[in-house]
Amino acid sequence: MFTKKSHADVKKSTAKLQDSKKDSASRLRHLRMILDNVELEESKCLFETNYSHVYFILYDTFIQAEANLKQKVHKAHREELDGSLWLLEKILCLLPELLARRWQCHSLSRIMAKLLHLGNSPKLRREGVRYFLLWYQTLGENAPGYVHAMYADLIPGLIVPQKGVVGPDTEFSASDFLTHPNMKADGGMASVFHDNAFSHPVQSSEVVALLPPSSSEKSAPPDPRDGLEVLLNSMVHTAACLRWRDNRAQKDHRAFAFLLQRFMDVFLPVFSPNFDVSCSIYNPRLDLPVMRSINKKEEVMASCVVVLINWVSRFTHERLLSHRLDCTLHIEDVDQVRLHGYQQGLIVRDVLYVNRENINFVHEVYRQAFLLNFTSKPQIEAIRTAIAVYRDWMTGETPPPFLLEPNDDPPPPSNAGGTPRSQRLRTPSYVGAIAGSKDQLVVRAGRQNVLQVFVTNAANVFLVNTANLNICFPTRSRSYRSTPLEEQTEICKKVLNVYRTMVMNTEMDTRTWEQLLMVLLQVTSIVLHQNQHTLPSGTNKSATLGGILGSAIFQTLIVTWIRAHTKVPVNVLLWEKFLNVLQSLTHREELIIEWNKTIQTLTRVFSRYTYGINLLDLPLDRVAESRAEKRRRIGSVWQGSGSNSAANGGSAASAAISQNRQRESLAESSSSRSEETSSQVPLPNHPRPHHQHTQSQGGTGHGTRPIPLTPMLSRSYSEGSLASAARSSRIRRRRAATPKPKALQPSQLAENRINPQDLRRAMSLDSLARKGDAEETDSYQEGDNESGAGSRSPSPTASSGIEGGSIKDAQLQIDASLDDANSGSYGSGSNSGSISGRRCIILGGSAEGWHPDSTSIMWKRMLGALGDVNRIPKADLHAQVFMHLLEMTQNLIKIKQNQGISTDNQNTQPMPPLVPPIGIVAPWCYGSLSLDRSFKKGKLWALQLLCSLAIQGAVNMQQLPLFYHALHQLLTGEDRDLIYAILKHLEGPRLLSLLLPGHTLLLLDLVHASAILLTSLEVSRSTPRAEVAALLGSLLCYPSSLLTRSVLQPTPQKFELMECSDLQDHILNIVLRCARREPSAKARCIALSQLGQWLLMRLSQPLPASNSGRANLFQQAVPHHKDVHPKASSVYNPRIKEVLQVLLQALQFKHHTIAIVAVDSLKLCAERGRQLAAIERVPQLIITAICKALEIQSVTKPKDSDKVVLTSLMLCLGEFCMAIPAPIMLTPFNEQGDTLVLQVLRVLLQVASGAPRHERVKLTADDDFDMHIAHDDLQGDGRLPEATYQTSETIQKCITAIKLCAKAVSMHLVTHIGHFPMGIGASRLSSMVEEQDDIGNAAYGGQVETRRDSVELPSVVSAQNMQLFMLNSGLVASFIELPTLKLPGGGITAGLVTADKQVRVLMRDLNGKACWDASILYSEPRNAEEPPKTTPKIQHSQPLDSMATSMVTHTPSPRHTLRHRPAGVLPLAKDMAPDLDQLDDMLAYIGHTSPECVAPTVSQLNAPTASPLSGNQEAQAISVILNQRLLEQEFVTHSTQAPSPALRHASSNSSLQQPDQRSLHSTTASFDSLPTRTEMPFQYCRLLFSHLGLAGWERRSRTHLLQRSEKLMRELRNVDLQKCRETHKMAVIYVAAGQEDKGSILRNTSGSSTYEMFVSALGWEIDLETHNGFLGGLPRQGCGATAPYYATPFLEVVYHVATRMPSDSSEAMLLKTRHLGNDEVHIVWSEHNRDYRRDILPTEFCDVLIVVYPLRNGLFRVTVNRKPEVPWFGPLANESVVSGACLATLIRATAINASRTKRAALPLYQQFYEERNRSLDSVSSRYKESTTFEDFASRIYNPMPLSTLGTLRESNASSSAAPLASALLDHNRASVKGWVQASIDSGPIMGIAPSASAGSTAAMEAATGMSSASPRGPRKLGAPFKSVTKKHSLQHIAVGGGAGAGGDTPPESPTLPQRRFK
């Protein structure tokens, strides 16, 4: 499109250019045209050929333009000047060779002077500076002096002092002019260049401004900053502009180097007088910076320094150059201007890097940046720039040449941005000029020197005080202006972050590490001290740099310190300085906070590397959790500490490692530390692409072992001195000294190397899966990539600078920097064995990273970094330190507790040889106790720490005197807070169970302090009232033989012994007062429980033990028989009554938990009822008090908690009534003759009836007993059931339950008082007899035998010798007539004349089931020898009348044979005679003597009234009766003479349903079996029923028949299964020494002798196969042969003893585990040296865990661990010390109360009597049969007539085809009155006409006969009575299993199964 002109045109223009006749303007125009149409080389040739013409044109046009501009400034004139300047630039650029020889030097200097005039416009002057620099660099060193002077004036306002005499060639002197040959003419002094008017040469005109500034341009005074900026920019713009003929690139660089050198020589000393040219990075001077002040004079030129810094950073900042290169190379048609600009930048950078002087200049410029004073915004930005440059140098991929090591090969060619450079930008000549010589190696200073220089120089930003500067800087937010302090703070944060980047990511040598440490120490010391002392005391922390950055500075210092010791050996003198600095700054809270973070993190690493335990993922926290299995499948790094058992790489291993790291990274971060997944030095908001650093691999990858830097730098601190712990512990064991190891000194560690195999070394995450040297590098690189892309490796700092706010959120990732800590170098060798032999750096070896020895040493050193913590001046910081020490100690305790934990819970691991130094800080604790009162808070923490050490057994024999002395002084001192702290943290009785040598010396001190606390009114959660009560309670029940009489005298200043024989009496007084007036609920409960224990012990041991040997080590109170009485000579403690009265008074407490605890404590004594009876009036006191408490606790609207209290009281009352001997209960105790039984029944009746009291019951008067609780600290525990609100329904439920309990207790007492246990034993309260027992012999003559455990009982349903009654709503009676049973010796009727049948009555009620066998008694043995003569006759003609059966004697005389007295004679008793009727005579006497009493219609009182019937009617009735009598006599005679089948009439024709042949056969057989008796099968039962008065009309409303059916029998079986007592089942587990896993514990088949004694004392052994009581779900076979069992009249307990159950197979182990795991209460006997844990036998149950630990002194430590939802219970509290005499009793009572409390807390839980009552109600509501009196009487006469029997048989026969729905719909329908049909059928035979009523009933039955029985389908429902295989005493049978028995098996009840408790 555009073309240049032809060659001919160029020639024409050239000719015109050379034509001197043309005007200069035309020639200039032709010259421009020529240059526009030729190449640059041709242009240069043109200029060189016509240089004279060209310069003439320049000068002429310039002079013309100057002249025109002087006249008037016009646009055309400015254009003329622009053309001249264009030509000037062309001459300067194209003729450098001529100009270098000073061609036209003077002329050009005049032009330049005019252009540089200060009066010119700024634009023109900038152009002039550029032209001058082009000319000046061309002249170079050949420039004359005046040119150099012109250069010195380039910056206006900057005065450059003249440096002495100017050189001889710079100017011409006057003499030179005069002596010059040209100045002389012929014979005279005249000259053309000489003015004759004057005597001197011609002078040049004055230089004036060419183009003054316009009015729009400001005429401000010149600013040196602007001039310097113009100069520096022009230096860059003029670079590479000269077109040299040869060696252009070299000359370009030389030209710029000249300008730069001139700049440094001329201007730099002027505006930066502090610029130190002697500073060198090749031999750096590393003097530590000091505090500096702000000099106002220096601030004047600071802006110029800022300009220089910004200018240098443009060419040394890698990122800026990369940006230019990227922009240039991505454009195809590169613009020459842009390309030229890029070349200029490269030239500048190359010149800056070309030699050492220039490189030093660059670093000195940046040093000046760090010395700026934050007084302006540009200064702040310059500092930021300097920091960014150094950061990019350290992290960039292409380092500058001075960063390269002098001996290393140059790095592979690559540019900063990652894009290959174009080769055309680097010509061969350029490469040869710059990098082709050995000079390039000279500039290499090495990375370490640069790092040292930066570390030293950058510290200057901290060392200037800007807090007093009253300056504000604008920000992006218009509403906020920042201050110099804020800006300095941000800059310091950036420097700290760069320091951290170096620590984390940069390889540094020893000198660099030490310099960094020294600089940080200097900064820490100066900044924090300076801010502390120069500001007023009340200054806010945010007003000082140290206050803002104190935490960050301390953290950086500490982390760098620890990191350095894992990388390089550090001079010991630095440690001393470090300690001095930290100790001098202990008044700063930031130091304490960071020190604590360091210690806590070091403790984690210490735990991980030394003991193989991750504190953030403890083994105890993982046990018994499902997630633990997943973690174990992934693999725990810490378990194979010295092995090489990890997976061999691969993706699975990498994924596992990544997951572990991510979990640890998240877990170890705290709220104050932000964990970032990609950066361990967090720099938020500026993400940087991830780079893999070759330096992080150690700088090389050629055969050497790579040292992982970047990915390994993210671990946490660790704690230590444990390499020595193993060795020292072995030494102590050899010397038989205390087993607690102590850390050795580092010198000892260095001298005595331990065996590497003894250390449990933990391999790092990145050192997994390495087998040999061949795989080493790849494995590491995999680890690096994993770490970099994952979560734990620190990335480089962000690309665009560090955010100022990152420090606060970052905290240097102290966990990360120490937790990883190059541990890979520890496990990165060819195998673990080779690595374990290497010594760590801190011990003088070469192994980097964390090792057990390095972690232990570093942990101990950092622990002591603060020096003596008791010298901390501030009390609050002193307390804070001890609080942190306590946290650290608790972590050490966790480590100890988690050592040797089995991961699979199948085998117990041996204890490791290393033990954490728990007591390492004990000396500090003792020292703190001697401080003054202002340090009280710290002393409290120290006391807690000491007590924790004592509890953990970390107080050795050497420390015990100090420990006792400290406790003695504090316990007897005046400071109650310290006293309370000791009592609280000694954990009450835990101190007694520790068995510390000589601990009994402190008993009186403890009692004294406890009395002070309990008598105080201070009630809060921090006051240890409960712990003190438990301690005193344990001492109260302490065996006197173990209490030494010598104790310390309770005075603070004395340490003397005294005798105290009455210590326990003193304790008893305190406990009694606590039980009476304690304001804390929990302490009151504990005191009451301890009083109960004391009572039990005193009743069990009435006399003190005469011998104190081991004979009394373990005495148990085994339950004894009721006939065993205590010795009469027993003497009981006289204070038993006083203690009893306190317990009885507590029964009236309205606080429900306290009342229940009092009940439980009192119930302990119920087992000692006979001992209590031996004490005068104690039984009356107890019974009366309980009855009174019942009345007081009764409320009109009870809640669930009231119900629990009242039921507990009533059951306790029942227990005492059963325990106290019956004679005492039946003995009157007052004048009215009331007995205790009467009083009890009266109260129970009142409760059961719910009768309101007419008078208010008042509490028992006791002025010393406080019924109020000021502090209910039981709120946090589980609560008794309590509804949020009450409704009438909930109130009624509670009332019903309370009444039912009273009824059950009263019935129990009526039945069992004086009889328990009966002959069957204590395991059975109810009869085991059932309806089917002995029926087979009675009904079938022995042909068919029914079995007890059979559910298929059709014979029971159809038996005619049995009837079921409901005598009232809660009483079901079964009357069964049986043949007289043959008993050994004749039984109770031996020798008496009885009938050959007996009556069995089974009664089921709330109290259980009772069985009574009754026989009719005819005569005594003497009468039986002479039987009456009428006996044979009666036997053959005995009527069916039930009353006649008893007439075995002569009938009395008839009524009319009696004599009568005269009417006026008074019948007296002395005149009685057998034939006189006293009542008849009395009536006659009254009527005779008092006629007014005789009615008008009656003549006398003893005469009958007139009959309402007529005489005929009376005669008719008499006739019917006589006929009936005659018929009966004939029937008897007929049946006796002809013994035919009695029920022959059943086969007669009838319209009713006929019975089947089976029923006829069974009925016939039943009568044939009685050949000697012909009475009905139910005859004697009917007789007894009448004798008992049950047949009377007055009882008709309460007595009902029950519908006989199989469902009823099942319901009765269900009633029998309901327990009549409270039942509990508990697990008993034995843990032998060395057992801590489930497998070994469950495999125990026996225990120690003490354990066996304990188990035997819990109850008595029962045989599971023959036991007839509660079994707790144990099968009779398969779970052992015996089990311990215990029973009282109101409860049963069975123990699932693990050692009794077999464990020889996996099935047996599974069964054992199920039985034990399903128990709610576990009793564990542990002889292991560590505490038993719940997770050893994991289960969803085990709500309460009771563990017994035998102690060496014969006592037992008991811990009670309950789940949070379980309410408080007694008598044993957690951490109790109990003697062996009452151990089993207390454990049993505690376990029972625990089970009872757990159940009471369950919603909708019902007691045993409620369950039984519900079953009885179910029977009465479902099966009660409403009948008329006639029907009722008939069913008594004949329980099962043939009609009913047939109907029942037919319904059973047809049941197989009927659906279940019919049974569900019709099961409540009334049965057919079959007995009516039987009487009708028997009418013709008997000769009796059926009555009308009987006929109508029969007709009704006939009409409904076919539909009366509801058919039932064959489906069976799962019910509690489902047929199962059961063990019978004679043989083992299976019911309902065969096919043949299917027809006789009745269907199961369609009702749903009821809930059962076993």
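Backbone N, Cα and C define each Cβ position, glycine as well.
Scan Swiss-Prot for phosphoserine across Ser525, Ser651, Ser764 and the hit is Ser764. Looking up Ser793, Ser1453 in Swiss-Prot shows the phosphoserine annotation sitting on Ser793. Checked against Swiss-Prot, the residues Ser109, Ser280, Ser767 yield a single entry marked phosphoserine: Ser767. Looking up Ser542, Ser1020, Ser1551, Ser1815 in Swiss-Prot shows the phosphoserine annotation sitting on Ser1551.
Confidence for the domain 'Rap-GAP' (1612-1819), expressed as mean pLDDT, is 92. Other Cβ atoms within 10 Å of the Cβ of Tyr980 (phosphotyrosine) number 24 in total over all chains.
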